[in-house]
Amino acid sequence: MKFEDLLSEINGFGRFQKMVLCINFFGRFSLACHFLLGNFIAVIPSHHCSISSLDADEIFENLTQEERLTVSIPVQDDGTPASCHMFSYPQFHLLSNSSSPSEVAVVQCQNGWEYDNSTFISTLATQWDLVCDKRALSRLTTTIFFIGVMCGAAAFGSLSAMFGRKPMLLVSHMLGMGFGLCSAFSSSFIMFAVLRFFTGFTITGSVIISTILNVEWVSIEHRKLVGVIDSLSWTFAFMSFPLVAYFIRDWRWLTVAISLPTVTAIITWWWVPESARWLIANGRVDKAHYYLHKCAVMNRKKEIIVSIKPEVRKEIQNIRNRKYSYLDLVRTPKMRKLALLTGITWFATVAYGISFNISSFGLNRYLTQFVYGAIEIPAKLSIYYLLDKFGRRITQAGSLLFVGISLMINIFIPKDKSVVRTVIAVLGKGCSATSFGTVILYSSELYPTVVRQNGMGYNSFVARLGVSVAPLILLSDDVWSHFSQVILSSLGLSAAFVAYLLPETRGRCLPETIEDVEGIGYGYVEKLSSLGN
């Protein structure tokens, strides 16, 4: 008896599966918020040099604040005070003559900066003066975080394949919350950067493990529904986070606010089952039978499990009891091709590339982020129809194609057309959400059980490798305003072609062994004879 058959008999989408799905759904809130945290805590508000050093003798006592700035700070081309320079001594003649002679000596800020706190009470930039020549450090924290996510994906992919999904899920929850809370009380920028790295390293385990658990516990016909619901958990967080950030304008307390909800995930972890597929793959059939029995009881199918004799249960164990590693992703030809194609697809997914640039379209930062989250609802709900109508491959390739086109169109729209640019960007974000929601489910269906967690860890690693450089790509706009859009659109178009080369998985059993993928096993071979067909 194959596992898919047994799962269908005990109801592949009963109360047991719905419980697991709900636990993982709400457990993702903090995870997704951490991914967007840099959009708000790394903001550099308007600033200018502190002029306290020029007022040592209280010569500014009778001047208004505007007059003080006039005589102390040179004016930029747009009429605003310079951010990084000040006059070496007060220029009182500017009070009667607004023009500033070119020979007036200017120096870099001598006594720190003064910041506009009307929008943000405190950010990383205001906390540690990450402005002017240190400006890149503020955005670098996002890159550091995603490097942590990248490394954590590889680590937890391997650890959960060795020690099981459930124990490593708890480790990820607890360490992720711990590092997140500690980072909020950092005493230096270096300390914060290190803790953000470990926050990203640990929380990524929760992301990839919960996804695999959801997929491995449901029957074939319900996998697409589970994929949509699983993806909507990110949308829920993306919509909620700007509301939280709107009311909490201090970066420390905002970090605390999004880290604490992980307590709920830790408490509900006790009701999360281990993956029966993983247990069978590792020769622990009795433990797998224990969880299958719990599933059957909750789904009111207890008589099915009782009727399964020990010798029948042993027939389920068609997987060789040996240890697998990341090397198994490249040992055989079709696995190598699968790893290459999925890796490129994940790397080029540009969902985060758009999310990072939420302030470049001229609208309110909070409102734009909320809209970006809201547009994902119809986009991700459409996945259910698209996967059923066109299959995984066409949906994945088509959505990436439209993402690339949307980004390309925005290159030719003037920046003063902020509404039009935002509409195009939101449509692109919708297509990007469809792409990202599809690729997670798609990849988990392509890899066999014995290396599924390794495969997802590898894909997440490759994706975050690309995401970690996204903030730096956006910095290239200082050289040419459309440079980042050209790069991101090219990645989207390239990924569309690569995704089309992947095999279709609609209506097919999950492969259990590498032999199934290579075409020499008994389960997957009839359905998937070769990659790319």
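Backbone N, Cα and C atoms are what each Cβ position is placed from, and that goes for glycine too.
Annotated features in TrEMBL:
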type     : residues : note
TRANSMEM : 21-44    : transmembrane segment
DOMAIN   : 89-506   : domain 'Major facilitator superfamily (MFS) profile'
TRANSMEM : 144-163  : transmembrane segment
TRANSMEM : 175-195  : transmembrane segment
TRANSMEM : 201-218  : transmembrane segment
TRANSMEM : 225-247  : transmembrane segment
TRANSMEM : 253-272  : transmembrane segment
TRANSMEM : 338-358  : transmembrane segment
TRANSMEM : 394-413  : transmembrane segment
TRANSMEM : 419-444  : transmembrane segment
TRANSMEM : 482-502  : transmembrane segment
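Across 144-163, 201-218, 225-247, 253-272, 482-502, the stretch most heavily in contact with the transmembrane segment (419-444), judged by Cβ pairs under 8 Å, is 225-247.
For the transmembrane segment (175-195), same-chain residues at least 6 beyond its ends with a Cβ under 8 Å from one of its own Cβ atoms are 30-31, 34, 124, 127-128, 130, 137, 140-141, 144, 201-203, 205-206, 252-253, 255-256, 258-260, 262-263, 266. Annotation: stretch 144-163 has the most Cβ pairs under 8 Å to the transmembrane segment (201-218), among 144-163, 225-247, 253-272, 394-413, 482-502. Using a Cβ-Cβ cut-off under 8 Å and counting only residues 6 or more beyond its ends in the same chain, the transmembrane segment (225-247) has close neighbours at 13, 17, 21, 24-26, 28-33, 36, 40, 210-211, 214-215, 218, 254, 257-258, 355, 365-367, 369-370, 372-374, 376-377, 380-381, 383-384, 387, 433, 436-438, 440-441. For the domain 'Major facilitator superfamily (MFS) profile' (89-506), the model's pLDDT averages out at 83.
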